[in-house]
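Structure first, then comments.
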C-alpha cells in the first residue's frame, strides 16, 4: 500500500470527523436558550458522532500494514470512550454535575489521546498535525467545562461547541490537504 492509498483512505473519515465537529459547533452557536436536558442530549449525540468517526478512521488506517496496529487500537479505544460517554451523557440524570463531569472527562481524555495519536503517527500518517491540533483544542475545551459549567447549559455548550468548531475547521483543512497530497503523489 502506498502513501497515496493511505491518504486517499483517510479523506472520508477525516471529512466525517470535521463535519461532526462543525455541525455540533454550529448548533451550539445558533441555539440561544438551551435547557440542561437539551445540552446533555446534544453533547451525547456529539460524542456518539465523534466515536463513529474515530471508528471509521481506525478502519481506514487498519487496512494498511502492521506498523499502524497500535494506532488502530488507540483509535478504537478513543471511539469506545466517546461512544460510552455519549450514551452516559444521555442516560444519566440531566443535572449540571453529570453533564459537566462526563462532558469534561470525555472531551479531555479523548483530546489527550488524539494529541498522542498525532505524535505517534508523526510523519507516518498524513493527518498527524491535524490530530495534534484537534486533540489540543478538545483537551482545552474539556478542561474549561468544569470552570464555567456552573453558568449553565449555554456555557457548557458554548465551550464544547467553540472547541468543536475550531477542531472541525482544522480537520476539514486536513482532509482537503490529504486529498491534495494523494493527487500529487499519484501524479508523480
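Along the chain as shown, the residues are counted starting at 1.
Yeah, the Cβs are placed from backbone N, Cα and C, and that goes for glycine too.
According to TrEMBL, the feature transmembrane segment maps to 12-33 (among others).
The transmembrane segment annotation in TrEMBL covers 39-62 (among others).
Counting residues 6+ beyond its ends, the transmembrane segment (74-92) has Cβ neighbours under 8 Å at 40-41, 43-52, 54-55, 57-58, 61, 98-99, 102-103, 105-106, 109-110, 113-114, 116-117, 120 in the same chain. Annotated transmembrane segment per TrEMBL: 74-92 (among others), in sequence order.
What TrEMBL records for 98-119 (among others) is transmembrane segment.
Residues 17, 21, 96, 99-101, 103-119, 121, 125, 155-156, 158-160, 162-164, 166-167, 170-171 of the same chain lie 6+ residues outside the transmembrane segment (131-149) yet bring a C-beta within less than 8 angstroms of a C-beta in it. As annotated by TrEMBL, transmembrane segment applies to 131-149 (among others).
Beyond its flanks by at least six residues, the transmembrane segment (155-178) meets 7-8, 10-11, 14-15, 17-22, 24-29, 31, 34, 39, 42-43, 46, 99-100, 103, 107, 126-127, 129-130, 133-134, 137-138, 140-142, 144-145, 148-149 of its own chain at Cβ-Cβ distances under 8 Å. Per TrEMBL, the feature transmembrane segment maps to 155-178 (among others).
Beyond its flanks by at least six residues, the transmembrane segment (98-119) meets 36, 39-40, 43, 47, 50, 71, 74-75, 77-78, 81-82, 85-86, 88-89, 92, 127-143, 145-146, 149, 153, 156, 160, 163 of its own chain at Cβ-Cβ distances under 8 Å.
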